[in-house]
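Record features, source Swiss-Prot:
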BINDING   128-182  ATP binding site
BINDING   Asp251, Glu268  Mg(2+) 1 binding site
BINDING   Glu268, Asn270  Mg(2+) 2 binding site
DOMAIN    101-301  domain 'ATP-grasp'
Amino acid sequence: MSKHVAVLMGGLSAEREVSLRSGAACAKALEAEGFRVTTLDVDRDIAQKLAALRPDAALNALHGRYGEDGVIQGVLEMLAIPYTHSGVLASALAMQKDRAKDVLRAAGVPVAEGVTIGRFEAAKAHVMTPPYVVKPLGEGSSFGVIIVRADQTHPPQELTRDDWAYGDLVLVERFVAGRELTCAVIGDKAYGVTEIRAADGGWYDYDAKYKAGGSIHILPANLKEFVYQNVQELALVAHRALGCRGVSRTDFRYDDTPQGTGELVVLEVNSQPGMTETSLVPEIAAYAGISFGELVRWMVEDASCDR
């Protein structure tokens, strides 16, 4: 009898639409691999649904709050349902950008200087000399991220809006010029390094990430060999330092601009990276000869409650 897999998707976070796409792609691939699949759009009665369903494993295709921060992982452990990706602690750490940076810094991973501050304080005066970046502490997919440019005289007033939905604390972080790089870790091995560019030459924001034709992926990234290897090594160190399991993706900035310093810093570790067939991790896996079906099969076979 084929293994029964519950694909958890949708959810209650700002990244709901991205998660629905990840979940649908994973469910389709698992069915093609011979698994019996039930898709669950996660809401506040998910524990009851899972208890009634009793799947053999759960593939976590959730992104953002409640799905990527240790909450759903705790529910699955309480119900003794093996699940994919990282466990409770690693998920919570990776989702909280300031806490993750503390752990990475202690492990010797280079990160950009930053400070955690209330959003209203960050809107009163420049916290640091521009350019800098303002990020919500616990969101992904670039939701709520603000770039404060070098010529910007006033701090970002978007932070004071009544409809701000990303929490009252923000991370203000020094802007690092140069290229955006990313590296996937699958199991305990770092795979290919991709350079990501917004198709319009601008910032790699939500539209660039998820709209058709919004970004250009260069795989393998055109880097000197020692830089390429350094990215892979740091991705693996970051994955291990946070205690990640299964699949993760670490994002970097590399300053090789004409006046640059050659600085390479980790921006964040994604413990629940996008999982559509054209997302970065499946693309990197395919470059290594791992099909999307093989990837999701491995993820389910790797699922456990000891993460």
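For all residues, glycine too, the Cβ spot is worked out from N, Cα and C.
The model shown is predicted, which means the values in this text are computed figures rather than measured ones.
The binding-site residues Met128, Val170, Ala177 differ in how many other CB atoms lie within 10 Å of their CB, and the one with the most is Val170. Note on the domain 'ATP-grasp' (101-301): its mean pLDDT in the predicted model is 90. The secondary structure of Lys135 (ATP binding site), as reduced to three states from DSSP, is extended strand. Among the binding-site residues Asp163, Asp251, Glu268, the residue whose Cβ has the fewest other Cβ atoms within 10 Å is Asp163.
Across the structure, Asn270 (Mg(2+) 2 binding site) and Ala177 (ATP binding site) place their CA atoms 21 angstrom apart. Cβ-based crowding with a 10 Å cutoff singles out Lys135 as the top-ranked of the binding-site residues Lys135, Arg149.
Among the binding-site residues Ser142, Asn270, the residue whose Cβ has the fewest other Cβ atoms within 10 Å is Ser142.
In the three-state DSSP classification, Glu268 (Mg(2+) 1 binding site) falls within a strand. Comparing Pro156 (ATP binding site) with Glu268 (Mg(2+) 1 binding site), their Cα atoms are 22 Å apart once rounded. Each residue contributes its Cα atom, and for Met128 (ATP binding site) and Glu268 (Mg(2+) 1 binding site) these two points are 20 Å apart. Mapped onto three states, the DSSP output places Met128 (ATP binding site) in coil.
According to its DSSP assignment, Ala177 (ATP binding site) is coil.
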